[in-house]
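As annotated by Swiss-Prot, region 'Polar' applies to 1-76. Residues or ranges marked as transmembrane segment by Swiss-Prot: 56-76, 90-110, 111-131. Summarising the annotation, Swiss-Prot assigns region 'Hydrophobic' to 77-130. As annotated by Swiss-Prot, repeat '1-1' applies to 159-165. As annotated by Swiss-Prot, region '2 X 7 AA tandem repeats' applies to 159-173. Look at Swiss-Prot and you will find 164-173, 181-216 tagged as compositional bias 'Basic and acidic residues'. Under the heading region 'Disordered', Swiss-Prot lists 164-226. Taken from Swiss-Prot, the feature repeat '1-2' covers 166-173. Positions annotated as repeat '2-1' by Swiss-Prot: 184-191. Taken from Swiss-Prot, the feature region '3 X 8 AA tandem repeats' covers 184-207. Positions annotated as repeat '2-2' by Swiss-Prot: 192-199. The repeat '2-3' annotation in Swiss-Prot covers 200-207. Per Swiss-Prot, compositional bias 'Low complexity' is recorded for 217-226.
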Amino acid sequence: MTTQVPPHSVQVHTTTTHRYEAGVVPPGARFETSYEAGVKAASIYHSERGPTTSQVLAVLAGLPVGGILLLLAGLTLAGTLTGLAVATPLFVLFSPVLVPATVAIGLAVAGFLTSGAFGLTALSSFSWILNYIRETQPASENLAAAAKHHLAEAAEYVGQKTKEVGQKTKEVGQDIQSKAQDTREAAARDAREAAARDAREAAARDAKVEARDVKRTTVTATTATA
C-alpha cells in the first residue's frame, strides 16, 4: 500500500510596485490626454503667477500718486519757463541794480554759511578733543600728573617759540638798523657829491664870468688906445 504525500500549497504575494508594458493599461487606471494635461498645467501656472492682493493695492495706490506727481512736474516746468520768459527782460533792464545786489546777497549768504561751517567744525574739534582725552586718560588719579605734564610741555613750547620770536625780532631790528645806516651813508655820500658838483659848477661859472670880464676889459682898452 503506497503512502500519498499531501501537496504543498504555494502562496504568491504581489508587491506594491507594478511594471506595465507599453500600450498595456491596467484595469481601473485612467490616463489624461495631452490637451487636458496642458490646460491643467496652464491653470496651475496662472494661479501661481497671478497678481497678489498687495500687488494690486500697490498698483491702485501708485497710479494716482504717479499721475499727480507727473502733473505737478509738468505744471512746475511750465510755470518755471513762463516765469523765466517774463523775468528775463526785467533782469536785462534792471541788471545794473540786480547784479550788485545779487552778488552782495550771495557774498553775505556765503559768509554766513562759511561762519557756521567754521563754528560747527570748531565745536566738533573741541568735542573730539575732549572725547579723545577722556578715552586716553588711564585713571582719574593720573589726570593731575598728565595735566601738569601737558602744562609743562606747553610752557616749554611757548618759551621756545618766544625765544625764537625774540631772536627773529632782534635779527629784523639789526637788519633795519644796518639798512638805515646804509641809507644814511648813501644820503651823506649823495650830499657830498652834490655839494662837490655844485662847487665845481660854481667855480666854472665864476671862471667864465672872470674870463668874460677880462675879455671885455681887453676890448675896452684896445678901443681906447685906438
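Glycine too: its Cβ is placed from the backbone N, Cα and C atoms.
Across all of the repeat '1-2' (166-173), the predicted model scores a mean pLDDT of 82.
When DSSP labels each residue, the region 'Disordered' (164-226) comes out as 62 helix, 0 strand, 1 coil, counted as helix, strand and coil in that order. Counting residues of the region 'Hydrophobic' (77-130) by DSSP class, helix then strand then coil, yields 53 helix, 0 strand, 1 coil.
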